[in-house]
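> For reference, the structure I am asking about is given below.
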């Protein structure tokens, strides 16, 4: 069993994941996005409690304080990924490759973004109000003073700076999701998510769903110089736009261009390669390759296509599919 998929195999897996997500009904997607917002809210609460509760580290070694914040950042994202919850930023990765490969349409993409954004906001607000404010976790210093100072700074930062941090935040987050898809076992998926998201938190890059938690919390705890208008227009909006560019272009579009094969056979089409398998004699090795459950559906389709072409022209199908994998590894 391979421990990791190649970059090309991961791209085809992402297309399949995105296609399956596009078939979710409104209730399913909205509930999944609601709990996804709660999980990311927990990440923000852990960040405030951990970093805010370590004033000595922040003052004596600011770099270590930022690293500490980065270390706890992946927690909610890992929970959301493993449990299959949806949030706005991972949707940026999962919707674009299926759109480009014509598995979904633009209406499906915007519908996914809109529903996940709205219900992530509801979930993040619920976490801020119920688990942070009502629980009195942020009432005492030094956590309270740190939270107010941090949220005030978030509401009064440069719009251009927040936009660029949003680009970087989604870039790193979507790379983490890409690595997690590439991993074959649960521990590898956790580490694949952990390091890019830890970098995102340590560098101070921004994530829209995290800002959805900070927006209501700033109002609930009366952070200085904060208002709904200021937080939405001067924080959440530029970060969200930056996330869209960082996730859709720098990860989804670029890796689609690098890895997608336009001549891939579609199992669902009439007269597909899968239907033609009954008409040819396959070796035991061919059967094992096609039936391998560790390969993605799209990769199995390419294997079937390779076998068919080898039967028709006398070429070595195994050599062809292996060479494609070698190319993807070298990429």
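Even glycines carry a Cβ here, placed using N, Cα and C.
Annotations in TrEMBL come from automatic prediction, not curation.
Reproduced below are the annotations present in TrEMBL:
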| type | residues | note |
| --- | --- | --- |
| TRANSMEM | 26-51 | transmembrane segment |
| TRANSMEM | 63-85 | transmembrane segment |
| TRANSMEM | 106-131 | transmembrane segment |
| TRANSMEM | 159-181 | transmembrane segment |
| TRANSMEM | 193-216 | transmembrane segment |
| TRANSMEM | 236-258 | transmembrane segment |
| REGION | 309-331 | region 'Disordered' |
| COMPBIAS | 315-331 | compositional bias 'Acidic residues' |
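Neighbours and distances for these, please.
Here the transmembrane segment (26-51) has Cβ contacts under 8 Å with residues 58, 65, 68-69, 72-77, 79-80, 83-88, 112, 115-116, 118-128, 131-132, 137-138, 143, 146-147, 150, 201, 207, 209-210, 212-214, 217 of the same chain, all six or more residues outside its ends.
Within its own chain, the transmembrane segment (106-131) has Cβ neighbours under 8 Å at 21-22, 26, 29-31, 33-42, 44-45, 86-88, 91-92, 95-96, 99, 137, 208-210, 212-217, 220, 240, counting only residues six or more beyond its boundaries.
Here the transmembrane segment (159-181) has long-range neighbours at 5, 10, 13-14, 17, 74, 77, 81, 89-90, 92-94, 189-190, 192-197, 199-200, 203-208, 234-235, 238-247, 250-252, 255, meaning same-chain residues at least 6 beyond its ends whose C-beta is under 8 angstroms from one of its own.
Sequence-distant contacts of the transmembrane segment (193-216), counting only residues of its own chain at least 6 positions beyond either end whose CB sits under 8 Å from a CB of the stretch, comprise 36-37, 40-41, 43-45, 47, 66-67, 69-74, 77-78, 81, 87-89, 117, 120-121, 124-125, 127-129, 151, 154, 162, 165-166, 168-173, 175-177, 179-180, 228, 231-232, 235-236, 239-240, 242-243.
Among residues of the same chain six or more beyond the transmembrane segment (236-258), those with a C-beta under 8 A of the stretch's C-beta atoms are 7, 11, 88-89, 92-93, 95-97, 100-101, 117, 159-160, 162-171, 173-175, 178, 206-208, 211-212, 215, 331.
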